[in-house]
Amino acid sequence: MSDETKPAVAEKTAPTKKVGRRPKSSQDVSRAAMVECAVNIARTESLAEVSMVRIGKELGVAAGMVHYHLGSRDELISSVINAAFKERLERLPTPTGRWRTDLEQFAQSSLDTLERWPGLATYILTENKFRLFQRIQPGEVDYGLAYFDHIGRILKATGHSGPIGAMIYHLLLLFVTVIAAEKENRQAPHTHRDFISGYFKKFDQDSFPGAAYLAAPFSALDSATAYDAGIEILLDGFEKWIGLATKADS
């Protein structure tokens, strides 16, 4: 990553307020160790499994000690997501200057990262907190903001307006996140092909010609096939849309 695209470090962000008195304990564990523990759980199990109580059990300290250092579960979850977003940013390929190639690489890299963090895609789709920006300590980097900036630079370089760039960013991230959530929740039609086929066989296919037309090919679809088709449709659509916008501006 070039110096121009290195994320800025937060300087004025207020540190997490420690709640109450330090709990009496023969053992203390640092905030960094608690966050590391949470990150390990999120990597191997799921973001949904991360909690103050779980961290306390894993590290052998009272939950009150975890609250003392982190303040709230929101702080903990944001720290974990920031670690995932750091990985997402660092794994982005170097921009080529060709917007379609860059967006295609950006989408694939983002999908790969979401797949390495179980539960993250589902969290982003179902929660309103920390989907874009994170709560950080002084001296830390908000990798949500850094990622947003990085992709914004790619889109800005196309020479098109902010509204066009914002729509492309939103639609692309929405598509990638939905595909990732489909995979982690085992929702692809192919995963349930036996159920779909068995259910449809209970009925007279002549009475449901539309369903008969769709059933077999629909139940054969997996997430990878849907992603490959969807990303091409999106990029083709963006290319046409950008071309129309260029003609309208000229």
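Positions of Cβ are set from backbone N, Cα and C atoms, glycine also.
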Which range of 51-70, 171-190, 231-250 is DNA-binding region, per TrEMBL: 51-70
Arithmetic mean of per-residue pLDDT over the domain 'HTH tetR-type' (28-88): 94
Within the domain 'HTH tetR-type' (28-88), residues counted as helix, strand or coil by DSSP: 49 helix, 0 strand, 12 coil
